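Student: Here it is, the structure, as structure tokens.
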Amino acid sequence: MTATIPPLTPTVTPSNPDRPIADLKLQDIIKTLPKECFEKKASKAWASVLITLGAIAVGYLGIIYLPWYCLPITWIWTGTALTGAFVVGHDCGHRSFAKKRWVNDLVGHIAFAPLIYPFHSWRLLHDHHHLHTNKIEVDNAWDPWSVEAFQASPAIVRLFYRAIRGPFWWTGSIFHWSLMHFKLSNFAQRDRNKVKLSIAVVFLFAAIAFPALIITTGVWGFVKFWLMPWLVYHFWMSTFTIVHHTIPEIRFRPAADWSAAEAQLNGTVHCDYPRWVEVLCHDINVHIPHHLSVAIPSYNLRLAHGSLKENWGPFLYERTFNWQLMQQISGQCHLYDPEHGYRTFGSLKKV
């Protein structure tokens, strides 16, 4: 049962009618969520681990025993299941998986290791994203470039940006992973020992697992058992994250004009995917409540989203994953003008 609180009570008078929630505090929205949304349940948390382990096992059994022409299907399944492992680690990074920090850190490192994702590196960068969602030149996740920044960049950089913002959006997380998570200068001095530990963990995993895989199954085995599922994982990682924050209606604001309540409620997208994807990926697509409070475990996101629809429905962006959506995102959402919103690369030729 939710406590219904009108989005704009008589005591809240918006200073800008075009931005009716910009004057609200984030806590005003969070207070409307049922308390049950924030309850951690070990049984549900570990059930998500078992679902992921079972799905990964099924995928690898398929890769091993099904005919070669079934490989694309088994790669898609296994890569999607590995995305579920990332989501388990994602909850650990937000401390919403377990009550004890050491459990979160241990499970997070184990979940991220096969993906070669350094846990603390990701956790710290992701925390920054949550603190500065849709804040121009501060957010670090799919923050669109300005026209000036794009035109001032070297040609090779512009080429890569065009690719990632266009037809190769599905590689975006690979670039983000490789360029951001292993560079110590991206982290405060106080956090660098933790970052070094996480980097050491994934290097150790790679140093043991990759040679063992190649020795026992050959280079093709490395491609078949690790590389292809890993690429499918990055397809989902890139797709989920770009859809979370990239449709033409989403607004990015400079720091002086930024509102946490507006950014987290009205600057994030809920997207429905095929149900099997949502199950294997533990509802990572139910993203709006997660941005309002990272304390909500993944298994409570749907409850929270239902409450948001009841209380804040007009301010929510909801979409369905399909080819038309991805064409819209990759075809229109290229560069950003704070006054007019997204611009396409093609619009530069008309100026």
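Keep in mind that glycine also has a Cβ here, set from the backbone N, Cα and C atoms.
Per Swiss-Prot, the features are:
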MOTIF     90-94  motif 'Histidine box-1'
MOTIF     126-130  motif 'Histidine box-2'
MOTIF     290-294  motif 'Histidine box-3'
TRANSMEM  46-66  transmembrane segment
TRANSMEM  68-88  transmembrane segment
TRANSMEM  102-122  transmembrane segment
TRANSMEM  199-219  transmembrane segment
TRANSMEM  222-242  transmembrane segment
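What does the local environment look like for each feature on the list?
Tutor: The helix, strand and coil residue counts that DSSP assigns across the motif 'Histidine box-1' (90-94) are 4 helix, 0 strand, 1 coil.
Mean predicted confidence for the motif 'Histidine box-2' (126-130): the pLDDT average there is 97.
Sequence-distant neighbours of the transmembrane segment (102-122) (same chain, 6+ residues past either end, Cβ-Cβ under 8 Å): 49, 82, 85-86, 88-89, 91-93, 95, 177, 180-182, 186-187, 191, 194-195, 197-199, 201-202, 205-206, 209, 226, 230, 233.
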Student: Excluding the flanking five residues on each side, which residues at least 6 beyond the ends of the transmembrane segment (222-242) place their CB within less than 8 Å of a CB in that stretch?
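Tutor: Same-chain contacts beyond the ends: 59-60, 63, 71, 75-76, 78-80, 82-83, 86, 114-116, 141-142, 169-174, 177, 209-210, 213-214, 277, 281, 284-285, 321, 326, 329.
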Student: Where DSSP helix means H, G or I and strand means E or B, what are the helix, strand and coil counts for the motif 'Histidine box-2' (126-130)?
Tutor: 5 helix, 0 strand, 0 coil
Student: May I ask for the residues of the chain that lie six or more residues beyond the motif 'Histidine box-1' (90-94) and have a Cβ under 8 Å from a Cβ within it?
Tutor: 45, 48, 103-105, 107-108, 111, 119, 122-123, 126-127, 282, 284, 294-295, 297-298
